[in-house]
Amino acid sequence: MAKQFDVVVIGAGPGGYIAAIRAAQLGQSVACIDAWSTVDGKPAPGGTCTNVGCIPSKALLQSSEHYEQANHHFAEHGIEIKGVELKLDTLVGRKDTVVKQNNDGILYLFKKNKITYFHGTGSFLAHVDGGWSIKVSGTVDEDLVAKHVIVATGSSPRALPGLPFDETQILSNDGALRIPAVPKKLGVIGAGVIGLELGSVWRRLGAEVTILEAMPEFLAVADQQVAKEAQKAFAKQGLAIHTGVKIGEVKTAAKSVTVPYTDASGAEQKLVVDRLIVSIGRVPNVSGLGVDTVGLKLDERGFIVVDDDCRTNLPNVWAVGDVVRGPMLAHKAEEEGVAVAERIAGQHGHVNFGTIPFVIYTSPEIAWVGKNEQQLKTEGRDYKAGSFPFMANGRARALGDTTGFVKILADAKTDEVLGVHIIGPQASELISEAVTIMEFRGAAEDIARICHAHPTLSEAMKEAALAVDKRTLNF
Ligand code: FAD
């Protein structure tokens, strides 16, 4: 007989597992189905984020940054290390341990919140009496009936046409996180967040990295002042980034990959590398879900169509995270998951899309929230800008990390903060203050009047707020 639940969540990435926990907290009976397995077939909840995304990439970024520091920066601190040696197996093994700790943590949270977890693929069968009939095909096959279904099936890497991922020479984010030996030459197609982070990891570990980007501008999504500063910093580190390129037909041979391309000036070029990371975007995961069986509506790009509240075209079927419109970010998926669980329980869940922070965990880190200068200009909005360089921040000097700045954009009349853009040390942490201020619709003057501890990097935020009214104290 089919097992009955108030809520069945399909997918245990950050959107799905968080939705399941919140629904359980609100008194619903909840099941969560997830297909992800370890290489030896064990359950590995956490989705892309935990298994091949946010968490392992940050583990590798941390380890590779230590290696870079030991090789190139410890000497400035009077610490001489002779014969720094890289043990790639240990470095990648540590990353795997971190991933497993997160998988186990989610299994523990499922137990703690009395969520029934099914390891397998979930698909819609039909609308039946009492809700939706869902089939689980996996370790054990099960039939479930749910009053509400939350689809949180995430996304997968997009391949170049005619060039499938083999994860040996042509790598997605998955293969790029477990290259068995540091490549001499590594190519990356796509200078987005994933390409820049993974390119940085392998550059720090010793690879010669070339990134090819089709867009004419570098980091077109970021504030252009930040993008320019980032491009300068990455070039100094030895990351070769070519924008405005047109990629030709990629050829693989036994030990090399050849990428012919036309550069921004129109000249024909050729990049020959040992391995190639393709990071040109991601596609929503909808196959195997039974979309056609029940008539779940998709848009022209294959994303599940939802309204502002994450309702699909089917009654009591919701969708959150990467499989729907909006930024492909773990915290966006989580916020939608919480909001949907609350709506199911009759509450008024809400996601403020205007205050979702964006972070790139390179060195320097890049983070922003709200509008950038290009957007404000296009909108014809009157604004004031204030910025403060980390060079003038005492803590940044003590850290030996003075690249970058904080820039605040505020409404010219009301002083409301419209956007904050940071490039520099700990930008990923500093951006939270900006998010909080914007969530409360605060003004630059509010930040300027808040007491910030000294010496901290966060003083750069206060000084940038003071700069909005041209009254910085330390610059
Ligand atoms: P996912 O995490 O993709 O999870 C979906 C789950 O559903 C998967 O486990 C999948 O196996 C399962 N599934 C799919 N179909 C079915 C089915 N039919 N039945 C059962 N299960 C199914 N975001 C950030 O915010 N910060 C970062 O630092 C960051 N770094 C990233 C680094 C990399 C290299 C990559 C690739 C991504 C990164 N992201 C980051 C993006 C982030 O991983 C995604 O936005 C996030 O994982 C989306 O969550 P989700 O729950 O929607 O989907």
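Each residue, glycine too, has its Cβ placed from N, Cα and C.
Here TrEMBL annotates a disulfide bond for CYS49; of CYS32, CYS54, the partner residue is CYS54. Among GLY27, GLY83, GLY122, GLY295, only GLY122 appears in TrEMBL as part of the FAD site alongside LYS58, THR153, GLY154, SER155, ASP322, MET328, LEU329, ALA330, HIS331. Just one of GLU213, GLU217, GLU300 is listed by TrEMBL for the same NAD(+) site as GLY190, ALA191, GLY192, VAL193, ILE194, GLY195, LEU196, GLU197, GLY281, and that one is GLU213. With respect to Cβ neighbours within 10 Å, the recorded positions LYS58, SER155, ILE194, HIS454 differ, and HIS454 shows the lowest count. In this record, FAD is bound by LYS58, GLY122, THR153, GLY154, SER155, ASP322, MET328, LEU329, ALA330, HIS331; the longest C-alpha to C-alpha distance in that set is 30 Å. When the Cα of THR153 (FAD binding site) is compared against those of the binding-site residues GLY192, ILE194, GLU213, the shortest separation belongs to ILE194. Averaged across the domain 'FAD/NAD(P)-binding' (5-337), the predicted model reaches a pLDDT of 97. The maximum pairwise C-alpha distance among GLY190, ALA191, GLY192, VAL193, ILE194, GLY195, LEU196, GLU197, GLU213, GLY281, the residues recorded as binding NAD(+), is 14 Å. Rounded to a whole value, the Cα-Cα separation of GLU213 (NAD(+) binding site) and HIS454 (active site, proton acceptor) is 41 Å. The shortest Cα-Cα distance between GLY192 (NAD(+) binding site) and any of the recorded positions CYS54, LYS58, SER155, MET328, ALA330 is the one to MET328.
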